[in-house]
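Before any comments, here is the structure.
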Amino acid sequence: MGPEGKRLLNIVILGFGFMFMFTAFQTCGNIEQTVIKSFNSTEFHGSGYTSMAIIYGVFSASNLIAPSVVTVIGPQLSMFFSGLLYSGYIAMFIYPYTWIFYTASVFVGIGAAVLWTAQGNVLAINSTDSTIGRNSGIFWALLQFSLFFGNLYIYLAWHGHVHITDKDRQTVFISLTVISLVGCFLFFLIRKPDPESPPSEVTESLLPGESIESSSASSAPPSLCSQALDAFLKACKMFVTKEMLLLSVSIGYTGLELTFYSGVYGTCIGAMTRFGQDAKSLIGISGICIGVGEILGGGVFGMLNKSTRFGRNPVVLLGLITHFVAFYLIFLNIASDAPLAPEGGTDLQAYITPSIGVALLCSFLLGLGDSCFNTQLLSIIGFLFRDNSAPAFAVFKFIQSIMAALAFFYSNYLLLHWQLLILVVVGFLGSMSFFVAEWVAESSRRASDYDSI
């Protein structure tokens, strides 16, 4: 197998590892608030929204040290140990205790920062300027298959269930824990790609414990502590660059809408008593529709690599329009108190007669729009910061996660129409700032092309 084939295989293995892990974790996040409401134990007093706020809050802070961890132990071990923390969080729901629930949330937040920084590192190492768009799309499509498989299982397991019993919960979460562990071990199949040419600068390490040599063969390699400090300082400096500041608003928007489609919207559907007795199982179907939209977007705009021909801005504009249509239909179709309704659901009338078809169409549009934003953000960050990918993706996840934490926090208090208004305003501003960042990236690419003539 040639060097390009090895890199592509690494991307596919990376995608499958994340697919297994997030089949478990995203399904867990989609149903946990509904599951918590159905607990028979009066000793458990946790909140799914609060847990997710803790996860993303710790996630955001931990992104400041994540590049150092990845530099010291390498992305393979970083992803493996982080995956174990995800698996532990999921396993907690088998026999839940409030203190374990929130403690596990803290550890998952730390693990998430390391996991996604390592993922961005592997993606950049195995990509070139001409393949970063394709590889981002392949990874994103494989990742989003997790929404399809996990939620299909939830639909089949809970079909016709009005109340989720302890046995139902334990069966589901034992299965999800095993699936997550499978994904962890897949990361060991990733191999170091063959270099295209001898590196002239400091190169990024893939295998655990590999030291970074200086340009002078006679000088000693830097210590692990100096490598870790260097990665931390790079992340801090990168945060205030012009390109990252421009992208920060659109990155923040992806954090807000991540919270909405992965946690809030499923809870809203499950609370709509006007959807009938199958409202709980519709959470699974909604997740499948989100996954179909994510996979379609990742395939069309990543695997087919159309974005590099026409630029990234049209794809982001399509994502914005898609989301705005979805938000408007959700506003009309779902009762405003649905995010805050008790287990019995809400009987409040929406602006139109609630339609399951419209609700599932909105799920698809949410997924499609999300894939438009995320594939283009992965592509532009991988292009602009290819030489410093680990700090760049750490900053990306720092911004995204802190906004997701904020959104999970206010989801405990705000009615649906206020949450939608926030999404509309930030989505518009984020798209405008992305357009400017893309023009900067295109100018940089053209200048690079001229320099190579």
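Just so it is clear, glycine is given a Cβ too, placed from its N, Cα and C backbone atoms.
Annotation source TrEMBL lists transmembrane segment at 7-26, 46-65, 77-95, 101-125, 137-158, 170-190, 244-262, 282-304, 316-336, 348-369, 390-410, 416-437.
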Can you tell me which parts of the same chain pack against the transmembrane segment (316-336), counting only residues 6+ beyond its ends and a CB-CB cutoff under 8 A?
250, 257, 265, 268-269, 271-272, 297, 346, 348-352, 354-355, 358-359, 361-362, 365-366, 368-373, 376, 415-417, 420, 423-424, 427-428, 431, 434-435, 438
How about the transmembrane segment (137-158) and the transmembrane segment (7-26): at least 3 CB pairs under 8 Å, pairs 6 or more apart in sequence, or not?
yes
For the transmembrane segment (244-262), could you work out the same-chain residues 6 or more beyond its ends whose Cβ comes under 8 Å from its Cβ atoms?
26, 29-30, 52, 56, 238, 290, 316, 323, 363, 366-367, 369-370, 373-374, 377, 380-381, 392, 395-396, 399-408, 411, 419, 422-423, 426-427, 429-434, 436-437, 440
Going along the chain, which residues at least six beyond the ends of the transmembrane segment (416-437) come within the CB cut-off of under 8 Å?
243, 246-254, 256-257, 260, 264, 268, 312-313, 316-317, 319-320, 323-324, 327, 330-331, 334-339, 373, 376-377, 380, 407, 410
Interface-richest range of 7-26, 101-125, 282-304 toward the transmembrane segment (77-95), CB pairs under 8 Å:
101-125
Using a cut-off of under 8 Å between C-beta atoms, tell me which stretch among 7-26, 46-65, 170-190, 282-304, 390-410 contacts the transmembrane segment (348-369) the most.
282-304
Same-chain residues near the transmembrane segment (7-26), Cβ under 8 Å, at least 6 residues beyond its ends:
1, 79, 83, 86-87, 89-90, 119, 122-123, 126-127, 131, 135, 138-139, 141-143, 145-147, 149-150, 176-177, 179-180, 182-184, 186-187, 189-191, 193, 262, 287
Same-chain Cβ contacts of the transmembrane segment (390-410) under 8 Å, 6 or more residues past its ends?
49-50, 52-57, 59-60, 63-64, 66-67, 70-71, 109, 112-113, 116-121, 123-124, 204, 231, 234-235, 238-239, 244, 247-248, 251-256, 258-260, 263-264, 377, 381, 384, 419, 422
